[in-house]
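Straight from TrEMBL, the features:
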type	residues	note
TRANSMEM	B:55-77	transmembrane segment
TRANSMEM	B:98-115	transmembrane segment
TRANSMEM	B:121-141	transmembrane segment
TRANSMEM	B:153-173	transmembrane segment
TRANSMEM	B:179-202	transmembrane segment
Amino acid sequence: PSSSPPKDEL
Amino acid sequence: MNIFRLAGDMTHLISILVLLLKIYATKSCSGISLKTQELYALVFLTRYLDLLTDFISIYNTVMKLVFIGSSLAIVWCMRRHRVVRRSYDKELDTFRHYFLIAATFALAVLVYEKFTFREILWAFSIYLEAVAILPQLVMLQRSGNVDNLTGKYVFFLGAYRAFYILNWIYRYFTEARFTRWIACVSGLVQTALYADFFYYYFISWKNNAKLKLPA
(Lines of atoms letter the chains of each structure in order from A and count residues from 1; the text may use other names and numbers.)
(Lines give C-alpha, C1' and ligand atoms only; values in the text may rest on other atoms or scores of the structure.)
Protein backbone atom coordinates (compact mmCIF):
# COMPACT_ATOMS: atom_id res chain seq x y z
CA PRO A 1 0.00 0.00 0.00
CA SER A 2 2.69 2.53 0.96
CA SER A 3 4.58 3.32 -2.21
CA SER A 4 7.31 5.70 -1.18
CA PRO A 5 7.83 8.70 -3.46
CA PRO A 6 10.83 8.57 -5.82
CA LYS A 7 14.16 9.49 -4.28
CA ASP A 8 14.73 12.65 -6.25
CA GLU A 9 17.41 14.20 -4.06
CA LEU A 10 21.13 13.85 -4.60
CA MET B 1 12.84 21.78 -7.22
CA ASN B 2 12.90 24.63 -4.73
CA ILE B 3 15.50 27.36 -4.35
CA PHE B 4 17.06 25.83 -1.20
CA ARG B 5 17.59 22.48 -2.89
CA LEU B 6 19.16 24.18 -5.91
CA ALA B 7 21.39 26.30 -3.64
CA GLY B 8 22.37 23.11 -1.79
CA ASP B 9 23.30 21.26 -4.97
CA MET B 10 25.20 24.28 -6.28
CA THR B 11 27.25 24.75 -3.10
CA HIS B 12 27.98 21.01 -3.18
CA LEU B 13 29.17 21.38 -6.76
CA ILE B 14 31.22 24.47 -5.87
CA SER B 15 32.90 22.61 -2.99
CA ILE B 16 34.03 19.89 -5.40
CA LEU B 17 35.22 22.48 -7.94
CA VAL B 18 37.18 24.28 -5.20
CA LEU B 19 38.84 21.01 -4.23
CA LEU B 20 39.66 20.16 -7.85
CA LEU B 21 40.99 23.69 -8.34
CA LYS B 22 43.21 23.38 -5.29
CA ILE B 23 44.63 20.06 -6.47
CA TYR B 24 45.03 21.22 -10.06
CA ALA B 25 46.44 24.70 -9.39
CA THR B 26 48.81 23.80 -6.56
CA LYS B 27 49.49 20.19 -7.66
CA SER B 28 49.05 19.43 -4.00
CA CYS B 29 46.49 17.75 -1.80
CA SER B 30 48.01 18.80 1.51
CA GLY B 31 45.38 19.19 4.20
CA ILE B 32 42.90 17.00 2.33
CA SER B 33 41.84 13.72 3.91
CA LEU B 34 42.03 10.81 1.48
CA LYS B 35 39.84 8.84 3.86
CA THR B 36 37.00 11.35 3.61
CA GLN B 37 37.35 11.36 -0.18
CA GLU B 38 37.21 7.56 -0.30
CA LEU B 39 34.12 7.58 1.88
CA TYR B 40 32.41 10.07 -0.45
CA ALA B 41 33.25 7.90 -3.47
CA LEU B 42 31.64 4.95 -1.67
CA VAL B 43 28.63 7.11 -0.71
CA PHE B 44 27.98 8.12 -4.32
CA LEU B 45 28.58 4.66 -5.76
CA THR B 46 26.13 3.02 -3.35
CA ARG B 47 23.47 5.75 -3.49
CA TYR B 48 23.38 6.29 -7.22
CA LEU B 49 22.82 2.65 -8.20
CA ASP B 50 19.40 3.92 -9.28
CA LEU B 51 21.12 5.50 -12.29
CA LEU B 52 20.86 2.04 -13.82
CA THR B 53 17.13 1.60 -13.22
CA ASP B 54 15.30 4.90 -12.65
CA PHE B 55 15.23 8.11 -14.62
CA ILE B 56 14.24 11.24 -12.70
CA SER B 57 15.54 14.10 -14.83
CA ILE B 58 18.51 15.07 -16.96
CA TYR B 59 19.64 17.37 -14.15
CA ASN B 60 19.50 14.49 -11.68
CA THR B 61 21.40 12.10 -13.94
CA VAL B 62 24.11 14.62 -14.85
CA MET B 63 24.69 15.66 -11.23
CA LYS B 64 24.96 12.05 -10.12
CA LEU B 65 27.50 11.29 -12.84
CA VAL B 66 29.46 14.43 -11.90
CA PHE B 67 29.55 13.46 -8.22
CA ILE B 68 30.63 9.88 -8.95
CA GLY B 69 33.20 10.94 -11.54
CA SER B 70 34.75 13.77 -9.53
CA SER B 71 35.00 11.75 -6.32
CA LEU B 72 36.73 8.89 -8.14
CA ALA B 73 39.04 11.35 -9.92
CA ILE B 74 40.05 12.96 -6.61
CA VAL B 75 40.76 9.59 -4.99
CA TRP B 76 42.76 8.56 -8.05
CA CYS B 77 44.80 11.79 -7.97
CA MET B 78 45.60 11.48 -4.27
CA ARG B 79 46.65 7.84 -4.59
CA ARG B 80 48.22 7.61 -8.02
CA HIS B 81 49.14 10.99 -9.45
CA ARG B 82 52.92 11.21 -9.65
CA VAL B 83 53.17 14.72 -8.15
CA VAL B 84 49.96 15.16 -6.17
CA ARG B 85 50.30 12.00 -4.09
CA ARG B 86 53.59 13.21 -2.60
CA SER B 87 51.83 16.08 -0.82
CA TYR B 88 49.32 13.82 0.93
CA ASP B 89 49.72 14.23 4.71
CA LYS B 90 49.37 10.57 5.52
CA GLU B 91 50.54 10.88 9.11
CA LEU B 92 47.80 13.43 9.87
CA ASP B 93 45.07 11.32 8.23
CA THR B 94 44.82 8.53 10.75
CA PHE B 95 41.09 8.33 11.39
CA ARG B 96 39.94 4.70 11.29
CA HIS B 97 37.42 5.10 8.53
CA TYR B 98 36.72 1.37 8.20
CA PHE B 99 35.07 1.69 11.57
CA LEU B 100 32.68 4.28 10.12
CA ILE B 101 31.87 1.99 7.18
CA ALA B 102 31.17 -0.98 9.47
CA ALA B 103 29.08 1.02 11.93
CA THR B 104 26.96 2.75 9.30
CA PHE B 105 26.43 -0.51 7.41
CA ALA B 106 25.26 -2.18 10.60
CA LEU B 107 22.86 0.71 11.18
CA ALA B 108 21.56 0.42 7.60
CA VAL B 109 20.77 -3.27 8.14
CA LEU B 110 18.76 -2.30 11.22
CA VAL B 111 17.07 0.93 10.07
CA TYR B 112 15.89 1.17 6.46
CA GLU B 113 12.83 2.23 4.49
CA LYS B 114 12.34 -1.13 2.81
CA PHE B 115 14.14 -4.44 3.24
CA THR B 116 15.66 -4.67 -0.22
CA PHE B 117 19.27 -4.66 -1.38
CA ARG B 118 18.96 -1.23 -2.98
CA GLU B 119 17.13 0.39 -0.08
CA ILE B 120 19.62 -0.91 2.47
CA LEU B 121 22.49 0.44 0.36
CA TRP B 122 20.62 3.74 0.06
CA ALA B 123 20.25 3.99 3.85
CA PHE B 124 23.92 3.01 4.23
CA SER B 125 24.97 5.80 1.86
CA ILE B 126 22.90 8.34 3.81
CA TYR B 127 24.38 7.28 7.15
CA LEU B 128 27.90 7.13 5.76
CA GLU B 129 27.62 10.57 4.18
CA ALA B 130 26.56 11.97 7.55
CA VAL B 131 29.88 10.98 9.13
CA ALA B 132 32.20 10.96 6.08
CA ILE B 133 33.51 14.45 6.87
CA LEU B 134 34.91 13.31 10.25
CA PRO B 135 38.38 12.24 9.00
CA GLN B 136 38.66 15.62 7.25
CA LEU B 137 37.60 17.60 10.33
CA VAL B 138 40.00 15.65 12.54
CA MET B 139 42.77 16.29 10.05
CA LEU B 140 42.08 20.05 10.01
CA GLN B 141 42.07 20.08 13.78
CA ARG B 142 45.41 18.31 13.89
CA SER B 143 47.17 20.54 11.42
CA GLY B 144 45.73 23.68 13.06
CA ASN B 145 46.47 25.91 10.10
CA VAL B 146 44.03 25.53 7.26
CA ASP B 147 44.95 26.81 3.83
CA ASN B 148 42.52 29.09 2.07
CA LEU B 149 41.11 26.65 -0.51
CA THR B 150 40.81 23.76 1.95
CA GLY B 151 38.88 26.04 4.31
CA LYS B 152 36.58 27.12 1.48
CA TYR B 153 36.10 23.50 0.42
CA VAL B 154 34.84 22.50 3.88
CA PHE B 155 32.80 25.70 4.16
CA PHE B 156 30.91 24.99 0.92
CA LEU B 157 30.34 21.37 1.93
CA GLY B 158 28.81 22.58 5.18
CA ALA B 159 26.71 25.17 3.33
CA TYR B 160 25.38 22.40 1.09
CA ARG B 161 24.13 20.54 4.15
CA ALA B 162 22.57 23.66 5.68
CA PHE B 163 20.66 24.38 2.44
CA TYR B 164 19.38 20.81 2.35
CA ILE B 165 17.83 21.28 5.78
CA LEU B 166 16.04 24.41 4.58
CA ASN B 167 14.94 22.38 1.55
CA TRP B 168 13.41 19.70 3.76
CA ILE B 169 11.60 22.26 5.89
CA TYR B 170 10.22 23.81 2.70
CA ARG B 171 9.17 20.43 1.29
CA TYR B 172 7.60 19.38 4.56
CA PHE B 173 5.23 22.35 4.37
CA THR B 174 4.60 22.26 0.62
CA GLU B 175 4.39 18.53 -0.16
CA ALA B 176 1.78 16.34 1.41
CA ARG B 177 3.77 13.14 1.42
CA PHE B 178 7.22 14.36 2.20
CA THR B 179 8.46 12.38 5.17
CA ARG B 180 11.96 11.11 4.70
CA TRP B 181 13.05 10.49 8.25
CA ILE B 182 16.28 8.64 7.52
CA ALA B 183 17.60 11.41 5.29
CA CYS B 184 16.39 14.26 7.51
CA VAL B 185 17.73 12.93 10.82
CA SER B 186 21.06 11.96 9.22
CA GLY B 187 21.20 15.37 7.56
CA LEU B 188 20.75 17.10 10.90
CA VAL B 189 23.55 15.04 12.42
CA GLN B 190 25.77 15.76 9.45
CA THR B 191 25.17 19.51 9.61
CA ALA B 192 25.77 19.56 13.35
CA LEU B 193 29.25 18.14 12.78
CA TYR B 194 30.14 21.34 10.90
CA ALA B 195 29.00 23.66 13.71
CA ASP B 196 32.43 23.93 15.31
CA PHE B 197 34.17 24.49 11.98
CA PHE B 198 31.62 27.15 10.99
CA TYR B 199 32.15 28.96 14.26
CA TYR B 200 35.87 29.36 13.66
CA TYR B 201 35.35 30.03 9.96
CA PHE B 202 33.09 33.01 10.70
CA ILE B 203 35.41 34.33 13.37
CA SER B 204 38.34 34.30 10.96
CA TRP B 205 36.16 35.87 8.27
CA LYS B 206 34.94 38.61 10.61
CA ASN B 207 38.48 39.42 11.75
CA ASN B 208 39.77 39.08 8.21
CA ALA B 209 42.32 36.62 9.56
CA LYS B 210 43.65 33.27 8.42
CA LEU B 211 41.51 30.35 9.53
CA LYS B 212 43.02 28.64 12.55
CA LEU B 213 41.46 25.84 14.54
CA PRO B 214 42.30 25.43 18.21
CA ALA B 215 44.30 22.33 19.08
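Cβ atoms here come from the backbone N, Cα and C positions, even for glycine.
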For the transmembrane segment (B:179-202), distant same-chain residues with Cβ under 8 A (at least six beyond the ends):
111-113, 123, 126-127, 129-131, 133-134, 137, 140, 151, 154-155, 157-158, 161-162, 164-165, 168, 172, 211-214
Quick test of the contact rule: Cβ under 8 Å, at least six residues beyond the ends. What residues does that give for the transmembrane segment (B:98-115)?
39, 42, 121-124, 127-128, 130-132, 134, 182
